[in-house]
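Copied over from TrEMBL, here are the features:
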| type | residues | note |
| --- | --- | --- |
| DOMAIN | 39-257 | domain 'ABC transmembrane type-2' |
| TRANSMEM | 38-63 | transmembrane segment |
| TRANSMEM | 83-101 | transmembrane segment |
| TRANSMEM | 121-140 | transmembrane segment |
| TRANSMEM | 146-168 | transmembrane segment |
| TRANSMEM | 180-197 | transmembrane segment |
| TRANSMEM | 234-254 | transmembrane segment |
Amino acid sequence: MTQKLSSIKESFKIPIQYRHLIWILALKELKIRYRGSALGFFWSILNPLLLLLIYVFVFTVIFKASAKAYPVYLFVGLLPWNWFAGSINEATMSIVSSGAFVNKSTLPSEILIIVKVVSNFINYALSLPVLLLFIIIFGVSIGLPLIVFPVIVIIQFFITCGIGFFVAAWEVYYRDMQHIVMNLLQFLFFGMPIMYFEQQLPLKAQKLIFLNPLAYLMKSYQSIFYYNWFPKPFYLALLALVAIVVYILGFLYFRAHKEEFPELV
């Protein structure tokens, strides 16, 4: 019990203690990702923008979606989703692709997962000015609810890291995990109100969708940037609790198995 409490304390200590290193590694990862590219970091903005244009064309031209400022609604959900999905995909491979680090470094290997989440967050942050530009162009009102935005970002950080710890550990033992994760993420994306409004679904389907905490997370972003509403405090508090629990459980699971990683990667 004492050891578990010590591990829980360390789970929150590591991101703070190694924050400068995590930031440096996250920036280095982005530089490597765009090395040799003529547009460089601009791809962080261009990629979600091109994806947005495709979805807008499909849903407004083909499916005749007529919601007010639909591109804003879509972009609001698409950006944090890209942060989440990109982080989880990369976290899955973070241990098996870093054998030298795992075997030789004295640093905690947990930071490898956190680096993936932070590097994808930087991508997300770089896209926010484009979102604000869309909000201005389409005349969407934003105001005081923006003060809740940092809280939602922190919640997403913890829930993403927590899931990342699980999938990174599983990939060490089951090398098919990366493919399973990719397919599950696609299924999850279409199962959340990002491209569509939940009101378009039958009541039973709405209830089913919101069994997923990530659906509440996306709804919170939409409340702030699209509806100009404060997210409901009860659901936000519940989401924060889920994020902390997932983070702690993921960290403890990872920590319980990490001694076996050097032999397997």
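Including glycine, each Cβ sits where the backbone N, Cα and C put it.
Worth saying up front: this structure is predicted, and the values here are computed from it rather than measured.
For the transmembrane segment (234-254), the list of distant contacts is 4, 7-8, 11, 110, 113, 148, 151-152, 155-156, 158-159, 161-166, 168-169, 213, 216-217, 220: same-chain residues at least six beyond its ends, Cβ to Cβ under 8 Å. When each of the listed stretches 83-101, 121-140, 146-168 is scored by C-beta pairs under 8 angstroms to the transmembrane segment (180-197), 83-101 comes out highest.
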